[in-house]
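> One structure, pasted below without further comment.
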Amino acid sequence: MTRPIRLGVNIDHVATIRNARGGSLPDPVRAAALAIQAGADSITAHLREDRRHIRDDDIERLRALSAPLNLEMAATPEMVALAVRLKPHACCLVPERREERTTEGGLDVIGQRNSLAPAIAALNKAGIRVSLFVEPSPDVLRVSSELGAPVVELHTGTWCEAVVAGHTAQAAAEFERIKSASLLGAELSLEIHAGHGLDYATAETISELPDIAELNIGHYLIGEGIFVGLGNSIARMRSAMNAGRARLGSAA
Ligand SMILES: CC(=O)[C@@H](O)[C@H](O)COP(=O)(O)O
Ligand SMILES: NCC(=O)COP(=O)(O)O
C-alpha cells in the first residue's frame with residue numbers, strides 16, 4: 001500500500017510580516033491554527049539566533065496547539081537547552097549564518113560531527129525526534145545515520161531554484177540527487193523529509209518519491225495565501241502532494 005505523505009506548514013514568514021511593524025499582528029500562531037484546520041499535519045517554525053521572525057514566546061504558544069511542532073534551530077547550546085525545556089515534538093537542526101537571507105545549504109555533518117553529536121544525543125534523550133537538514137549526498141546521509149539522528153530533511157532549494165529558472169538539465173540532475181539520497185536514506189533506516197523552496201509543482205513531483213514521508217513548506221504557501229487565502233493555498237498544496245503520491249500508487 002502507498003504510504004501517505006505528511007505536510008508540515010512553516011509559518012515563519014507570517015512573523016516576518018508582523019515584525020515589519022514591531023507589533024503583534026499578524027499572529028503566526030493564528031496562522032498555525034488555521035493551517036491545522038486546512039490540513040497541515042504539523043507546524044514548522046525556525047527560531048533563528050537573531051530572532052528575525054519567530055520569537056521565543058511564539059514557540060511556547062505553538063507548543064500548546066493540537067498539531068506536532070517541528071522546531072528548526074541551530075545546534076547551539078542555547079537552542080538545545082531551550083528545546084529540552086519546551087519539548088517540541090521534533091527538532092530539525094539547520095545551519096545558520098547571521099548574514100544569510102535564508103538557509104543556504106545543508107548542515108556540514110562531516111566537518112561538525114563532534115559538535116553535532118552531543119546536541120543530537122541531548123535531544124534524543126529528551127524524547128524529541130531529531131532531524132538533520134542536509135544536502136542530498138551519500139556521504140552526508142551515512143554520517144547522519146552514524147550520528148544517531150532518526151530523520152534527515154533533504155534540502156530541496158537548489159533543485160527548486162533550477163526548476164524556477166528553467167535550467168532543465170540542472171533541475172533533472174538535482175532531482176536525481178534527491179531521488180538517490182531518498183533511496184539510500186531508506187536503506188539506512190532513516191526517515192526522509194524534504195523541504196526548502198517547494199511550490200505546488202515541485203511538491204507534486206517530489207511526492208512521487210515513495211520514501212519521502214514529509215514535506216515542510218512555508219514561504220510559497222504564505223505568499224500564495226496573500227492572493228487566495230492561507231487555507232486555500234494549503235488545501236491546494238495538499239491536493240498537489242496527494243496527486244503526486246497517487247501517481248506512485250498507480251505505477252506500482
Ligand atoms: C531550514 C529551512 O529551509 C527553512 O525553514 C528556512 O530556514 C526558513 O527560515 P528562513 O526563511 O529564515 O531561512
Ligand atoms: N525546512 C524547510 C521549511 O520549513 C520551509 O522552507 P520554505 O518553504 O519556507 O523555503
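From the backbone N, Cα and C atoms, a Cβ is placed for every residue, glycine too.
Sharing the feature lines straight out of TrEMBL:
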BINDING   ASN10, ARG21, GLY197, GLY218, HIS219  3-amino-2-oxopropyl phosphate binding site
BINDING   ASP12, HIS13, ARG48, HIS53, THR102  1-deoxy-D-xylulose 5-phosphate binding site
ACT_SITE  HIS46  active site, proton acceptor
ACT_SITE  GLU72  active site, proton acceptor
SITE      GLU153  site 'Transition state stabilizer'
ACT_SITE  HIS196  active site, proton donor
> Can you list, in sequence order, the residues of the same chain other than ASP12, HIS13, ARG48, HIS53, THR102 whose CB lies within 8 Å of the CB centroid of the 1-deoxy-D-xylulose 5-phosphate site?
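Output for this site, in sequence order: ALA15, THR16, HIS46, ARG52, ILE54, GLY218.
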> I'd like the Cβ neighbour count for GLY197 (3-amino-2-oxopropyl phosphate binding site), meaning other Cβ atoms within 10 Å of its Cβ, all protein chains included.
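By my count, 20.
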> Given the 1-deoxy-D-xylulose 5-phosphate binding site residues ASP12, HIS13, ARG48, HIS53, THR102 in the record, what is the largest Cα to Cα distance, rounded to whole Å?
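The two farthest binding residues have Cα atoms 12 Å apart.
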> Counting Cβ atoms within 10 Å of each candidate's own Cβ, which of the binding-site residues ASN10, THR102 comes out highest?
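Top count of Cβ atoms within 10 Å goes to ASN10.
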> Using DSSP reduced to three states, classify THR102 (1-deoxy-D-xylulose 5-phosphate binding site) as helix, strand or coil.
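THR102 (1-deoxy-D-xylulose 5-phosphate binding site) sits in coil per DSSP, no helix or strand.
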> Of the recorded positions ASN10, HIS13, ARG21, GLU153, GLY197, which ones put their CB under 6 Å from ligand 1?
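From ASN10, HIS13, ARG21, GLU153, GLY197, counting a Cβ under 6 Å from ligand 1 as near, the near ones are ASN10.
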> Out of the binding-site residues listed (ASN10, ASP12, ARG21), which are within 10 Å of HIS46 (active site, proton acceptor), Cα to Cα?
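For HIS46 (active site, proton acceptor), the binding-site residues whose Cα atoms are within 10 Å come to ASN10, ASP12.
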> Sort out the sequence-distant neighbours of HIS196 (active site, proton donor) for me: same chain, 6+ apart, CB within less than 8 Å of its CB, listed by position.
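Correct list: THR102, THR103, HIS155, THR156, GLY157, CYS160.
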> Just checking: which of ARG21, HIS53, GLY197, HIS219 have a Cα that is within 10 Å of the Cα of GLU72 (active site, proton acceptor), counting only these binding-site residues?
none
